[in-house]
Structure formats: structure tokens, C-alpha cells
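Asker: Mind having a look at this structure? Questions to follow.
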Amino acid sequence: MRSGRYVGVMSGTSLDGIDVVLAAIDENMVAQQGRYSHPLPLDVKRDVLAMCQGQQTTLAQVGELDRRLGSLYAEAICRLLKQCGLMPRDIAAIGCHGQTVWHQPEGAQPFTLQLGDNNRVAALTGITTVGDFRRRDMAYGGQGAPLVPAFHHALLAHPTERRMVLNIGGIANLSLLLPGVPVRGFDTGPGNMLLDAWVWRNKGEPYDKDAGWAKQGNVSQPLLQQMLAESYFARPAPKSTGRELFNLGWLEQQLRRLPGLRAEDVQATLAELTAVSIADQVLLAGGCERLLVCGGGARNPLIMARLSALLPGTEVCVTDNYGVSGDDMEALAFAWLAYRTISGLPGNLPSVTGASRETILGAIYPANPDDREKVTMGETE
Ligand SMILES: Nc1ncnc2c1ncn2[C@@H]1O[C@H](COP(=O)(O)OP(=O)(O)OP(=O)(O)O)[C@@H](O)[C@H]1O
Ligand SMILES: CC(=O)N[C@H]1[C@@H]2OC[C@@H](O2)[C@@H](O)[C@@H]1O[C@H](C)C(=O)O
């Protein structure tokens, strides 16, 4: 086993920034030692959004974005190292998720694509980098997502209590940690993504802070029921989704069938959609005693209150109260997955993704030994 300090890097579907964490990891523990959030430049956010919503893209644009993201990840990592007073040689490896620009787990040719050139990350940081975590699982017939349920299980499972872990990011995903049965987990549907898109469209704000705007509106039951009729919600697991399905275009299509709604009522209904689509899945799986919530949506008081109301008998709380920072959960998971890969251990859970077997995940980009001794500062772009 390759115990040591690992760095995890996550830039998720919300496109709110690059999260970087430092953690000491061994067989028994993941101890967070640092964190840093790096802004995602607006033009990069725009380019990612264009790509993952199916706008026409040239190969040159894909290549340039891949390179640009690689540089940004390296810069973010170097800032964290500087903040923590560490050298490249102090870090065993980086786990770098990359930016998902397309995720198509079903159909004749399933694939998933994360950008962010890991060659640049390894070269600019001087640290061995693990990336491309999802495609080996897909090569064995899995969804390639979600991958965090294995980490949730390792950190938060309880021998007798029925627990579930919920990440409310751009997309929301749920891990079922039920005693005595294999872990299951899947994407429930939109988390913050549609809420963010609607407030951006109407108010030019990146998100609806503390649900201030949604709280001014009323839930439209016709819109809610119409949205819940989307076939993804009723599909059995394994399943995963993304911006390819749940995007502003999808919402506009829904609204065309119900014209005249007030913008704030739409926002209130989107918050309700997130809460109801999650609660339905919790109940369908037989409910739980404790729902541990992480991701940016754990800061949305309206969604949290609605989850509590829709799940009587379930204690809805944040993972921070159980020793894992909800903001850093995903980046920590990729540090842990890098540790697994470097140690030659499998990272996926077939019971979650539907893959035909457990497998080592990712590709390793080894650092040059002499680079490990240098103080690198990435490259400011
Ligand atoms: N105070 C707040 N009030 C309401 N919403 C909030 C608040 N703070 C964060 N959020 C929501 O959380 C989002 C960011 O969540 P997070 O960082 O978990 O996303 P992500 O990592 O990109 O997602 P994913 O899990 O899909 O990869 C913001 O875009 C916003 O919608
Ligand atoms: C393809 C992809 O990037 N999926 C993300 C996304 O963001 C949340 C949800 O959709 C989840 O399936 C996944 O991320 C987490 C980290 C996962 O793999 O568990």
C-alpha cells in the first residue's frame, strides 16, 4: 500500500471553480490537511458550457480547452502546495478528475470524456498524476459514474444504522449504505444545475444564494409533475446523467408547454424538483435513518428544509458533522482514488456502476524524478 500525502482535484458540473485538497491517506484513514479553491475563468466556463450542451465544437477547441484546463489544475495545485509549505517530493500523487464535457453512458457507443491534460499537470507540478478515472469502469460495461459511493462507504458507513450519503452538486447523486447489503449509488437527476441556469438567465447571478429568490416564489404543481415525468427519474439503477440531458434547453422545453409562469415560481419549482426527485429515491430504497448531505446544495436552506419535510423519520444532516467537509468530499474522493490506483487496488464498485468486475481505475502519468526536487509554480495563464 502506498500511504502518504495525496492531492485531489475536482472541477464539477456546476463550474463554480476548481477544488483542490491535500490529505494524508493510508489503509485506515483519510486525514484532510489543506484545501484551496481556484476560480474558473469565465471564458473557460463558457467554452465548457458550450461543449457539454452540444454546441458545434472544433477539434482545435477541444485540444485548446484540454491544454488550458491542464494548466489551470497545475496552477491550483501549486498554490495549495505553497500555502501548505510543501515540495513536489512531499506528495505521493495527484488524483485529477478533469472536467466532464460529455457523458453518454447508454446507447450503442457509450463514452465519457473529461478534459484537462494530465501530462501538463505532471510536468508543471513535478508530481505523478492519476487521471481518466471513469473509462476503465465503462470498458467493463459500467456507467463510469458515480464513483464517490465507494469513498462514502469507506468513510461513512455504519454497521447497524441505515445511512445514505447525498451529494448535491450540479447533478445530485445518492449512495445507499445499508447494513448487510452491497453499496448502491446513482445520480438522482438535477441538483443545483437548473437552479443555477435559471437564476443566471433571469438575474445574471451565478447561483441563488441561500435560495433567496426561490423563497419568493410558489411551487407550480403542473410544472413539477410535468418535469417529474422525464423518463430518467423512473429508470432503475445503475444510472448516471449530466448536462447533456438536464440543461437550460430542457427547462425551456418544459416551460413552452406551460406558458405564463412567473420566473420566481419556476425557481421555487426547480428547488422542489431537486428535493422531490431525491426524496422519492430515498423512499424507493426503503428509507434511511440518516441522510448525510454534502456538495454546494447542502448550503441551500430551502432544499435542506424540503428534504427534511419529505423524509419524516430521517435525520437530515451535513457530512461536516461526521468529520468530512461537504465542500471537499469529491476532491477528497479523487485523492483517495489516486491512492487506490497507485496501490494497485480497485476503485469502482460494480454494485453501483453495473460494471462486470472490480477494476483498477485511471491512467498514471509519472513525474520525472528530478522535477520532484524542484519548487514548481505551474504556469499563470
Ligand atoms: N449559500 C448557497 N445557497 C444556495 N446554493 C448554494 C450555496 N452555496 C453553494 N450553492 C450551490 O452549490 C453549487 C456548487 O456546488 P458544488 O461545488 O458541490 O458543485 P460541483 O462540485 O460542481 O458539482 P458536481 O457534484 O455535480 O460535480 C453552486 O453552483 C450553487 O448552486
Ligand atoms: C460524468 C460525471 O462527471 N459525473 C459526475 C457529475 O457530478 C455529480 C454526478 O454527476 C456524478 O455522477 C459524477 O461525479 C461524482 C464525483 C462521482 O463520480 O461520484
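Cβ atoms here come from the backbone N, Cα and C positions, even for glycine.
So TrEMBL lists the following for this protein:
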BINDING   Gly12, Thr13, Ser14, Leu15, Asp16, Gly17, Ile18, Asp19  ATP binding site
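In the displayed structure, how are the listed features positioned relative to their neighbours?
Answerer: Residues within less than 8 Å, Cβ to Cβ, of Asp16 (ATP binding site) and separated from it by at least 6 positions along the same chain comprise Leu40, Pro206, Tyr207, Gly296.
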Asker: In terms of DSSP three-state secondary structure, what is the assignment for Gly17 (ATP binding site)?
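Answerer: Coil, per DSSP.
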Asker: Using CB atoms and a 10 A radius, I'd like the single residue among the binding-site residues Leu15, Ile18 with the highest neighbour count.
Answerer: Ile18
Asker: Using a 6 Å cut-off on Cβ distance, which of the binding-site residues Gly12, Thr13, Ser14, Asp19 come close to any atom of ligand 1?
Answerer: Gly12, Thr13, Ser14
Asker: Near ligand 2, which of the binding-site residues Thr13, Leu15, Gly17, Ile18, Asp19 have CB less than 6 Å from any of its atoms?
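Answerer: Near the molecule: Thr13.
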Asker: Suppose the ATP site is Gly12, Thr13, Ser14, Leu15, Asp16, Gly17, Ile18, Asp19. Which further residues of the same chain have a Cβ inside 8 angstroms of that site's Cβ centroid?
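Answerer: Along the chain, the qualifying residues are Met10, Ser11, Leu40, Gly169, Gly170.
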